[in-house]
Amino acid sequence: MAKTESPAIAILAYCAASILMTVFNKVVLSTYNFNMPFLVLASQSICTTAMVVAFGKFNLITYRKYNTYDAKRWFPISLALVLMIYTGANALKFMAIPVFTVFKNLTIILIAYGEVLFFKGSPVTPLILASFVLLVLSSVVSGWADISAGAVMKKGADEASIGVAYFWMFLNCITTAFFSLSLRAKIKDVGFKDFDTVFFNNLLSIPVLLVSSLLFETRGFAESYVRFVNPGEESDSLWLLVMAIAVSSVSAFAISYASSWCVRVTSSTTFSMVGALNKLPISVSGM
């Protein structure tokens with residue numbers, strides 16, 4: 001079996017890329033308190049697309065060039081990715097992280113059964129179902145202190161926010177399942193190889209992410225200008241922020257490739273399970 005077809009190597013590559021991506025996004029969004037995730041994601045998509053084109057120019061890689069026919073077929077996947085990010089961010093505005101994690105792990109069960117029903121995937125055996133139950137129970141146990149104390153919502157959230165939080169959480173579960181299931185099916189349908197997926201996924205995400213940033217992050221533009229551009233003694237370093245975004249953008253190329261590789265050689269359920277189980281090494285790397 002070729003190395004590029006090995007599920008174990010693909011999973012390890014996805015884990016490594018996910019850790020790298022998460023740590024650098026944490027630096028940008030938390031350390032610098034840069035509250036413009038759509039703009040950061042747009043920067044990462046632009047950088048990834050540019051890297052694919054540049055590597056192609058030097059004949060280091062091959063990828064399918066842009067064409068309208070493939071773009072129309074692939075656009076729903078790119079849109080689903082942006083919707084998954086947006087609904088998750090809105091749910092986290094109101095919902096405590098432990099409860100959010102429980103719902104995300106429940107989504108893996110939805111993906112597993114969706115793969116069986118719609119794509120004739122491997123049946124969910126009792127052993128697999130037991131592993132799903134243990135995964136959900138582990139997230140419940142880890143967040144039991146917050147859940148038992150009634151801290152389902154974040155501090156300051158009123159009763160009206162509860163319904164809004166569950167609404168966004170429900171949409172996030174649906175969009176996450178749709179993205180995970182459709183990604184593998186669309187790769188086979190369109191006949192994309194890994195770098196084809198990376199190129200089209202990031203290229204088609206750019207306009208959606210930029211428009212989303214303009215629509216929902218106008219306040220962030222003003223705050224960032226005061227903090228990073230407007231001269232003053234208390235201004236944060238713009239160059240350090242740009243460097244952090246640049247490094248996170250390069251890491252986005254790695255996770256884009258590793259994600260498509262992992263989904264192609266394994267399954268949507270395995271891809272989701274790896275993402276859930278990857279939280280432990282991510283936590284260790286963060287420390």
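Residue 1 is the first one shown; counting continues down the chain.
Glycine residues also receive a Cβ, built from the backbone N, Cα and C atoms like all the rest.
Where the annotation comes from TrEMBL, it is an automatic prediction and has not been curated.
Listed features, source TrEMBL:
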TRANSMEM  7-24  transmembrane segment
TRANSMEM  36-61  transmembrane segment
TRANSMEM  73-89  transmembrane segment
TRANSMEM  95-114  transmembrane segment
TRANSMEM  126-145  transmembrane segment
TRANSMEM  165-185  transmembrane segment
TRANSMEM  197-218  transmembrane segment
TRANSMEM  238-258  transmembrane segment
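Sequence-distant residue pairs (6 or more apart) of the transmembrane segment (165-185) and the transmembrane segment (95-114) include at least 3 whose Cβ atoms are under 8 Å, placing the two stretches in contact. The highest tally of CB pairs under 8 A with the transmembrane segment (36-61), across 7-24, 73-89, 95-114, 197-218, is held by 197-218. Between the transmembrane segment (73-89) and the transmembrane segment (7-24) there are fewer than 3 Cβ pairs closer than 8 Å, counting only pairs 6 or more residues apart in sequence, which means the two stretches are not in contact.
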